[in-house]
Structures are given as C-alpha cells and as structure tokens.
C-alpha cells in the first residue's frame, strides 16, 4: 500500500458518494484549499484529521496512517501540464513570471515568495460579464542574505 | 531589429537610469503589473503608451513601433524555470494544480479560468512574523459547452 | 475505478459491438465531434447523457457517475504525437502556427482564439481528385486588455 | 545569408512600413494564408512572386533567390509552443486529437488528412456574444493500402 | 482488451510455434513487409485477413475485430530508438536527412515523399564481402501548391 | 573557422549561382547522394575532391582543408525533425522500425544493417497516378557473434 | 549589456590577473562561498560591495550597477549537469534525496530545508588517506502548516 | 521479486508499525543516514545487517538476500525532482554548483569530491529564529592526473 | 510472456540460488562478458546455449525459446543513466568522446569503431594503491567510403 | 575570452597547419589520449605544458593561462550523441551497461570504476579481416562503505 492508493480510494469514494470538497473541509475544520490538497496526496494530516477523513471516506486504520506520513509531493504527471485548466496557471507563470520577479524584487529586494509558508483562498466573484475565479495568494517573503 | 532588442534596451536603460517599474506604470497610466509585462515583451502597447515609454527609455520611432506589434509571448528560457523566485510559482502549480482544478470544477463545472481575460494585483502585506507577498488574481471563468 | 477505465470499456465495447460514433452521437443528441470527445474521456456528461451512454455501452451506475466528473484532459501519450494522422495536425501547428498568429492579430489585435468556447464540424468533401477532409473550426476571440 | 535572414528582414520591414499581410497577398495574387506562410519562411515562391515581394519589402536579387529555395520548415522554437495563441492550437490537437482520429477513420478508413495537399481559410465571424475566429481546413484524404 | 494485447499474443504465439513472417504473409496474400507491420500493430486488416491471422495465431473473434480497427501507430518506445538495428535507420535520417531533402527538392520542387502512399521491399543481396540488406522504398511525391 | 562555416558558404553560393547538386556530383566524380552529403558537412573529401569543390564554390585553401577533416556528423537541429519532408523518413522508422527489425533478423539472424558500409540511390519513378520517389538502400549486414 | 556580460568579464579578469576567490572575498568582507556566488552571477551586491568588486575587476560604473540588480539565478547550462565535479552533487541528490527527505521529516515533520535562508562553509579536511572536501550546510527548517 | 518490492515492503511496514529510521539504524549499528539509504534501496547490506533488517521488517530469507545484492541506484522518478524538499537540494546545485566548482578547484586543483568515498551527518540545530537543518558532508578529493 | 519476463526470472533465480555470472559463463562455454549480456536480455542464444541456461535457471521450454529470439536491445531505463557505476561510463563518453573521435580518425580516417563486431574483456588489476578495473575493448574499424 | 575560444583556435590551427595529435602529445610529453583531451578543453595544463602548446598553436600569454584553468567538462552538444563514431560508445553503454555493472559488482562488491583516477590507451590492432580499434581502459575501483 502507498499514499497513492489512499488518494485513489478517496477520489473514487467521492465520486460514488457524490461528496463535495467544501463539505469535507468543514468536517476537517480547515480551509477547502488545504483540505483538498491533503486529500489529493499533497499535505500531511494530524491523527485527528486522519480519523475524520477515515470516517468520511471509509478508510482503514492503515490507510489513515498513510495520511499522516509526509507524502512525495507534485501532483502533475508531466513537466508541462496537458489539462487546459491547469495549463492556464502554467501559462501565467510563463507569461507573467518575469513580471512577478521584477515587481517582488522592486518591493522587497533579493529573495523569494515562500511556497511553504503560504496560504490561498479561491472564491467565485459574481460579474455581469460572466463570473470570475478570484484567487488570493499570500506567501511570506524570504530574503537572501550575504553570509 | 526584433521586439527582444527593444526589451533588452528597456531593461538596460532601467538599470543605468535607476528607474522603478511602479513609476513607469504611473506615467503609462496602467497598473504596475500590466506595465511591467509590457516592458518585458509580453503585452502590446497603444501608440500613446509607446510614445510615453519611448520618452522614458529613449526609444527611436522604430523601436516604439515594435512595442505596438503583438509579441511572441513566453518569458522563460526553460520549460521548468531555474530561477528560485519563479520556480516557487511553478511549484505552486505542481503541488496545488490538482487542487485548483478540483475546487474550480466544484464551484463552476467544466471549464477554465481565463489567462487572457485576467488581471492581478501584487502588494506587500506587513506582518510581524515577516512581511508577506500578497497576490490577487482574477480571471473570467470560461465554461466548456456541448455542441 | 478511474475515468480511464470507463473510457477503455467504452472503446472495447464499441469494437466488440461494431458501433459508430455518429450513431452514438445521434442518441446522445449532440454533434458527433463533441460526443466522441466525451466518450474518449475529454468532456463532461450531464446525468441524462450519462444514462444514454450507459445504455449503449452497458455501463454501471458508478461508471455513469464517472462520465459526469470533469476529466483530466489531454488525449495524447507523448508531447509530439507519433500516430501519423494526429501528427499531421501537429505539423500544421508547426508549419502554419506563426501564420495563424500573424493573421489573427492582424484582424483582431492582441488576444487568442478560445479553445474552450469552441466548436468544430468535420465532413467528407467529395472531390474527383480524391475526397477531402473538411474541418470547420470556430472559436471565440478573447482580447488581452490592459489593466 | 540564409532564408532566416530574409524572413527577419521581411518582418522588420513590415513593422517599419506598417504593411498588412492581406495587402501583401493581394499583390502576390494568392490567399493571405499561403502568402503569410511564404513570408514567414515556410513556403517557396516562384520567380514572379519573389519579384513582387522583392519590390514590397526592398529585397536584393540574392534575397529574392532565397525565397525560391525550398525552406527548412517548422516555425516554432519549442516542441510545445509557449505563445498563448499558438498554444491553443496545440491544445486542440491534445484534447481533440483522438477525436479527429476516430471520426476520420470512421468516415474514410485507415489513412491521414494530408498536411501537404492542404488549404485553409481564416475569417472573422461576427457574433453578438463576441466575434469568432473561423477557420476552414481542407486536406486530401490519403489512404494506407496493403502492398 | 486493446490492440496491444492482440499484438503481444501474436508475437508470443509466433515464438512458441516457431513461425516465420514470410510464411504468415504468404497465407495473408500480401507482402512480408506489410503483413509484418500489420501483425506488429501498425496496419489495419480486412475481415478476410483478420480471419486468416486468427487461424494462424489462434485469435478469438473479438481479437480478430481488433485487427480491423485502425491502430494508434508508432512502434517505438522512445523518440530516439535504443535498439542498435533500429537506431541505424534513425542515424541514416540524421546523417542523410538533409541530403534526402536537397535531392528530392532538386528533382521535384517543394513537397514530400509520402509515407502513406508508400511501399517497400526488403531483400538479402548476396555479396562476396558479406551479404547486404537491400531495401527499395517507393513513395508518391506530394507537391505543396500555392492556394 | 569551422566546417559549418564552409557548409554555409557552399549552400549560399549554390543559391546565388543557381547550381544543381547533380551537376556538382558529376564534376566530383561520385554519386549525387554522396556528394550532396559531403557538401552538407556529413562526409570527408579527398584532396582532389576538395580542389574540385573549391573551384565550383570559390573556396579558399583553408576552406578546402576543412572539407578533408572528418566532420561531426548529424545534420538535424532537433532529435525529432520538424521539416515535413525529413519527418516522413522519421515516421517510416517509427511505424516500420519494428518491421525492419523483425524481417532482417528473420533473414539474417542477430545483427544490424550497417549505416557506414552503406550506399543509396534516389530516383524519380514516373507513374500515371503521380510520380514517385524511389530510394534503393544497400547496407552490409553485420552479425553479432558470441565471444 | 546584461549581468552575464559582467560575469564573463569578472571571470576573464580573474584568469588574466591570476586572482583567488578567497582573496576577493576578504576584500568584500563576506565568506568566500557567498562572494564567489555573487561574482558568478547568482547573488546581489550592495553599493559598497559593488564598488569593491569594481576596483578589483576594473568594472565601469554601469557594470557595477548590474551587480546590484537581482539576477536571473541558475548557473548550469543543462538540467542534468555534465561537468563531473558538479555532477557528483547532482548524484548525491539522486542517491540520497529520498534519505534527506525521510530523515528531515522524521526530525521536523512536513516542511523543507530553506535554500534561501541558507549558508554554507567549504573546507579542506586533511586526511592521511587523501584530503577530503568538507561542506557544512545550514538551512532554516520551514514547516508546512494547515490553513 | 525485485529490490523495489523489498523497498516497498520496508516502507509499508515502517508506516504500519510506526517505526523510526533512527531506531532502525541503532539496531543495524550504522549511522541513520547510511541505514536509511540502505532501506530505501540505495546501499548494499552485509548478511548480518540483512538479518537484523529482516527481523525488524519481517522479511523472508529471499527478501533478505535482495538486500545483499548491489542495487540499481537513483531514488528519484524524474531528472528534475518535483518534491519541494528534494527540489531545494537540486536548486542548491543549480545556484551554487558553479561556486562549488570554483572553490574546490581553487583549493585542490582539477578533480572532484567523491560521491562514493563519502559520508554525511544530518542534525537539528536549535535556533531562536527557527531551528535549522544542519548537514555535514565529507567526500574524498580525487585529483585528475595527466597520463 | 516476453523476453523481459525471462530476464527477470533469470535475475531472481540468480539471487535466490546465489549463482555467479562467471560460473554461468563457464557452463555456457562463452566469455563472462557475453554470457552476462545474454542473460540480461541483450544477446541471442543458440538452442544449445538456451538449453544450458534453462537447466541452470530452471526455465521452461517456452522460456528457452525466448532466449533464442533476437531481443529489443538497450538495457537502461533512462537516456542518461542514474546508477553511479553506469553513469561513470556515460561520463567517459561525455568527457573523452571528442578525444575518441579525434584519435580514431587520425589513425584510421573517416569511419567508426563497430559496436557489433566487438568484444571485450573485464579484469581486476591488482594495484598497491587500490585495485583497478581493467577493460579491454576491441571493435573492428568500419570505414565510410564514397559511392 | 573563454576556454572555448582557445579550444576553437587550437582546432583551427591544427587544420590549417596539418598537425597530428600524436605529434603534439610527444612535445607535451604525455600520452596522445590525455593530450588530445587537454587540447579539446577537457583537462588542465601545467604552466610548462601550456607553454609548449602555446608555441605549437601560436597562443598568446592569456590564451595559455586559460589552458591552466580547470575547464567546464563535457564535450558533447547533446545528451544522446548524434555523431556515429561517438554514438557507438554510447550504444556500448546502453547495451553492455548492465553487464559492466553486474560483473564489476561480482568481482569487487558495491562501488564504481573511477572516471577520474582513470587512464586509457587506444591502438590500431592489425587484423586480416580488417584492422581493429583496441582500447584499454583502467580505472581505480572505489568501494561504497557503510558509515
């Protein structure tokens, strides 16, 4: 058994039971963004969280233990994503990546925006010209320092 | 002469004159995010915008014309970025890409978040544990429809 | 169970029963182009469409549910396709891609032809020198705008 | 001197003179699609066509000769295109490629749609929900035969 | 079941029964070159041919049907082949590819040698310095035309 | 100066003087296939051949010396060729490679067809359905032996 | 002018003047590790540091300004390094990467060792069986947290 | 059975029994770094070590034998690692690789740091600003010599 | 069943029985180098050799037949090997490849060292500074000739 | 100026002066194998060796200094070599790599053959069936040890 097996079981159960990530998240007591990433094999659960998920998805004790093991992260099968929704995010990095770099350095100096001390919030923004996806990302700035 | 030559001249002039993207944007009359992308060869200027940039960066009439030509977009030299700041955004797509996909489909159904009808805002968020980079992205949802 | 399992079952059933995509599409009530893409794991069915396909291909209730889940899109096993028929389309992008770009920008300005708000029609065009494949593609133009 | 030098001169002249591909095509006496592909280094000119282009773009006799040499085709710098407009066509091959294959084989049997005995027409289609890009492709079907 | 399963069964049966491709081809009534390609999953059989192969290799009715479905072509697991015999052909394309291009264009103008309307014959050529492999390839020339 | 410089000078001179490879070959006294490969930087000239080519293409003494140096072979800029004419040969290796392997091993046992002790002849074959490209390849069979 | 030009000038001057990185670092007042990375185009100088380097390497005022611009980082020309010394470090990541991951997670939980808040010290360790390279790395642990 | 099967069994048993690598190492009598690498399929056990591991992880006699076979090393599924923790080490090679090279050559001359005659020690370094990961690497310097 | 299955069975049996390649080779009556390559799926056995191997490794009649089929050669899972021992040979090609080329051409003219009409011998060379691996390779020189 | 410039000058001078590597090596006082690798930019010269080469190839004092700088090694432009002579060595690694690994481990245990403490000798071996290239490689065995 591997974490991948647990992930696949979670996804299959979600389809057959018709669950929603937002509802799962409420029971877990975390945001829908972090909880979905956890269920998709990218984050690590506490014992309490694993128990809740075990109940929702019918996981055995051993499967719950796998949720508490730090997983091998990276959720895409190819270096350049083929799925159109995910590709658009890759395209944003390709087109605006140098802009991100220029503006963050202008504001903060040399360093990076952390992808670890990071959180995000994804919302529907109603708009008469067609609703919009609204994503707020917040990552700690980590400066390079001379040593 | 190509658009790349104009981009390189703009960057070199910015370094030697010590300009800031935020100030350039104010003169152009657009956001700092879009203006930086324009200067870095990813967007297309109007005649008026090209004239303003021409004045700031000392561009010839022909160089200004190149700013008005739709460029070949994509600002990264490799498929997987090597620069640590830009890589972190790629990592976010890698780790959270399946989460983006799951949550957007749960909220909107099949479709994508547009990377064209898209805008963003990048701000410093003061934080006692270390300031944070705050990015708000907003893209129109585009649904797949049966035909 | 994954969507891929459902796709493989549909294809295997089609071979053993000798079905035609055009006939499947008529029963589904959509074009043969969209219906084939749905059956090949690229599109998302409504409950009614899933039921019709379930009947045609002998799918269980759970398999029908998978047809209603937004799939991970991308139907090719390699970045550059090896199958000669599919490669010819890739070659058209390679040879005529810069032409597509030049002419669409000349007519519409900066932006793209949507691959989401998109439809197509594929027909046999009789020709005394050998019949031709006729494909009409129609995609909404999406303009980049300054922000 | 190589064909690439001639292509770059043509593009630079087009920018500085503010020409349109559609007007160039009228003078050449061919479609705007084929003429643009020729100017972008993908097709081969006759002596008469080279002379017309020479006049429009101020090409020397030797540069005109290069237009008459069969070029090394392929207009994209990477196997997976990075420019968003061109990528959308690649995405269509990725998402609909297996559908193209299934429907062409259903209609014609084993074989391909030629990318050589091929023509296309690209038009703006007015639409109250936003104008559309309309592309009609026509390629001869070439059957595999047993030998 | 997929075409690949049928191909693997054919190969395994050939090994255990000690059959020769040349003998299989005689029973199928086509050349050994085309028949081998068919058995290796690259070509499409008629009902009669599938029946003959079914008898030789002990294929079920469903397996025979798969031989009549147009396969996904491309018989190599990597873009650059690793098997030394097959690599030598790739090397010929690498070393002599520009020569093929130069001479075919000199003789025929712009266009290609078809890989669809194509046949070949492979023979042993006795030679006192060591026998030679003799391959005759014949492909229809397909000209690009202006449109 | 490198061999590549000499190759580019030969090609540019051929375009400006309007020479034909077949005529060059006659003066060199070798086949048009080998001579073209030599001129395109894939083969090594004798002093006498270098002198003849020097006269035809106006090469200096040093440039002639480069023709006599064994070159770094491989005439394609990418592992998978993008030019449609050259790609078709790659496609033949992809589709028929396993067939080449099966039939050569059936006839000769384990070994390869040499790409070094190799020659070829390329001819136009008139055909009422459209002329054909006819290529005869002959390579010595080299057997693997146990040691 | 780009940062790369400045880097190349620094390296060329170092060769012609016979300088040592350790001596350069003493004048800059930072470790030899950080100073070398700065000179090789990976770090960002303060005005004072740029002035010191300008004196050592004979840099113009504009070249000094480039040292103060945050560079595009990544000092290797290929994804898998070819130089044997650098490859050995890549091999350590390949062979011991999963061990690094297992032990850091065992000690710290889910998170990473920062490559930004990072320093290192490289020393010669005398050893009778052959001197050793001794590298001490120290990076802050950054924990993933649920949000 | 392959070494991979044994590795997977060890990992699965560790999860279900809740073991720690540091404790396993104590029983094996080697460092936690080397022991973890052994358990993850990168090193070779002696008969005594295999027996100890067999007891801890419930391995059969045959599984223990596999631990004594030199494995195919390389513990990462992709050339550029996707897991954020492992990627940071790859990034260190990318950003500091040329610095490693410059400083080792300055101190030792031409040669490499061995990745075979190599050991390391990984410790938690308490720090009021957040604990740090401390890694000490020691590899024998191997000089290139003229021959 | 495929040749790969037979190879895996041979390797697994060797581990469980504790056999040595050198002893297997003596029974087969060939060198240990060729025999190991045969057992690892790279060479082709005669009926007599297959019978001997069948006895040693407990192979069925069908498995023995697979040893007599010419295999798909190439024993490495990635284009650049990850295993440190095998990588060192790849590194030798990378570092000394141009030297091999220069010296062989200097001695023999244009051509190659055959990898088919090839044999090798691998021995331990005792050395007070540490024993050495000694490999003697011998390949027939194959000259390119004009045709 | 870079080491590459010096390498290119050496090669160009060798062609124009008609020098032989074996003669250069004699003057340098090292083997022809090591000397050629040095001249091709893979090894590092002493001051005395650089002076000798400077005289032979007409190198300036600065160019001689570059010969004494440890170079970035790796002499091939692509990961899989395209030149047929060099490819054959890559093919040997591909076909016999697992054999090298099996036999070296059988004789020495876990470890590698050093590519640094390495020497080789390349000779012509006269043979009535065609002369052979004879290469003797000798590399120190480096054992992995537990720590």
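Note that Cβ sites are derived from N, Cα and C of the backbone, with glycine treated the same way.
It should be emphasised that the depicted structure is a prediction, and the values quoted were computed from it without experimental measurement.
The active site feature in TrEMBL is assigned to C:88 (among others). Applying an 8 A CB threshold to same-chain residues 6 or more apart, the list for residue C:88 (active site) is empty.
Under the three-state DSSP scheme, residue C:91 (active site) falls in the helix class. Long-range Cβ proximity for residue C:91 (active site), meaning a same-chain Cβ under 8 A and a gap of 6 or more residues, is found for none. Residues or ranges marked as active site in TrEMBL: C:91 (among others).
On its own chain, residue C:114 (active site) has C:139, C:140, C:141, C:142 as residues at least 6 apart in sequence with a Cβ closer than 8 Å to its own Cβ. Taken from TrEMBL, the feature active site covers C:114 (among others).
The domain 'Cyanate lyase C-terminal' annotation in TrEMBL covers C:75-147.
Taken through DSSP, the domain 'Cyanate lyase C-terminal' (C:75-147) splits into 25 helix, 27 strand, 21 coil. When averaged over the domain 'Cyanate lyase C-terminal' (C:75-147), pLDDT in the model lands at 96.
Proximity to chain I, defined as a C-beta distance under 8 Å, is registered for none of the active-site residues C:88, C:91, C:114.
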